[in-house]
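The block underneath contains the structure these notes are about, expressed in C-alpha cells.
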Amino acid sequence: MRDKDNALPALFTALVTGANRGIGWAVAKGLLEAGHQVYFGCRSKEEELKSRVADLPGGERGEVVRLDLNDSASIDGAVESILHRSGRVDILVNNAGIVRDKLLVRMEEADFREVIDVNLVGPFRMVRAVLRPMMKQRYGRIISISSVVGTTGNAGQANYAASKGGLEAFSKSVALEVGTRGITVNVVAPGFIETDMTAGLPESVTSGVLDRIPVRRFGTGEEIAHAVRFLADPAAGYITGAVIPVNGGLAMP
Ligand SMILES: NC(=O)c1ccc[n+]([C@@H]2O[C@H](COP(=O)([O-])OP(=O)(O)OC[C@H]3O[C@@H](n4cnc5c(N)ncnc54)[C@H](OP(=O)(O)O)[C@@H]3O)[C@@H](O)[C@H]2O)c1
C-alpha cells in the first residue's frame, strides 16, 4: 500500500562516491541520464570535474561535492550541503573503493586496515549519514558496489575480498532494519570491468580470467550503471537485501 501523504518528488537527488572516474563516473552519468539531480562525489580536482560534468547532457542537474571516505567530517559536510541545497537525498551509491593486492604472507596490517577503512567503514559512514534524512522522507535507495570476489574470495586479495563480503552482509543487515521505511538497500557485484583498477593487470592474468568469463570480455562501467539505475528506480521498491551479479557469467550463484 502506498503512503498517500508521502508523495514522491518529480526529481530524485542522488549522491555517488568516487564519481570522478571509472565505474563511479559511469554510474553518476547514468543517473543523470535517468533524469535525477546527481551529486558527483570526489576527493580531489573538483574544478576539473565540474567542467566535465557541465559538458554532459543534463549537466545542469549535475553538482560536484568534495567527499573523502577516510574523513568523517567531509562525509557529514557533503550530506549536509546536499540537504541544504536540495532538501533531500534519495539515492546513495557507495562506489568508491581501493585495492592493495598482496599474498597474505606479505600483507602488512596497514594494507588490510586501509582497504577495510575505505571499502567497508566508508560505506558505513555514508549510510549512517543519509539514513536519518531517508527515514524522515520515508524513501531511499542505497546501492553499494561490491565485487564477485566478495563471494568467491581471490588469492592476493584477502583484504579486498573481506571488505566486499563485509559490505554485502552490512547491506543485508541495514535492509532488514529499514524495510518498513520505504528504503531499499542493495548491492551490485561486478566481475572484471574495464577501468584504471583492472588496467594494470598483467597479460597472463587477463587472458586466464577471460577464459573463465562465459561472455569472453571484460564489462564496462555503463553495464554496471545500468544495474544501478534499475535498483535506483522507484519501481524497484520490492527488491531489497539483494546482491545483483554483473560479471558476464564469471561466477553463477
Ligand atoms: N574495475 C573492476 O573490475 C571492479 C570489479 C569489481 C568491483 N569493483 C568496485 O567498483 C568500484 C569502482 O571501481 P573502479 O574500477 O571504478 O575503480 P577506480 O577506477 O580505481 O576508481 C576508484 C574511485 O574511488 C575513489 N576513491 C578511492 N579512495 C577514496 C576515498 N578515500 N574517498 C573517496 N573516494 C575514493 C577514487 O578517487 P580518486 O580518483 O581521487 O583516487 C576513484 O574515484 C570499487 O568499489 C571497486 O572495488 C571494480
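Just so it is clear, glycine is given a Cβ too, placed from its N, Cα and C backbone atoms.
Positions annotated as domain 'Ketoreductase' by TrEMBL: 12-191.
Of all Cβ atoms in the protein chains displayed, 25 besides its own lie within 10 Å of the Cβ of Asn95 (NADP(+) binding site). In the three-state DSSP assignment, the secondary structure recorded for Asn95 (NADP(+) binding site) is coil. The NADP(+) binding site annotation in TrEMBL covers Gly18, Ala19, Asn20, Arg21, Asn95, Tyr160, Ala161, Ala162, Ser163, Lys164, Ile193.
The 10 Å shell around the Cβ of Tyr160 (active site, proton acceptor) contains 24 further Cβ atoms across the protein chains shown. Tyr160 (active site, proton acceptor) carries a helical DSSP state (H, G or I). Here TrEMBL flags Tyr160 as active site, proton acceptor.
Gly18 (NADP(+) binding site) carries neither a helix nor a strand DSSP state and counts as coil. Fewest other C-beta atoms within 10 Å: among the binding-site residues Asn20, Ser163, that description fits Asn20.
Of the residues the record lists as binding NADP(+), namely Gly18, Ala19, Asn20, Arg21, Asn95, Tyr160, Ala161, Ala162, Ser163, Lys164, Ile193, the two whose Cα atoms sit farthest apart are 25 Å from each other.
For the pair Asn95 (NADP(+) binding site) and Tyr160 (active site, proton acceptor), the C-alpha distance works out to 14 angstrom. Candidate binding-site residues: Asn20, Ala161, Ser163, Ile193. Those with a Cβ under 6 Å from ligand 1, in sequence order, are Asn20, Ile193. Reduced to three states, the DSSP call for Ile193 (NADP(+) binding site) is strand.
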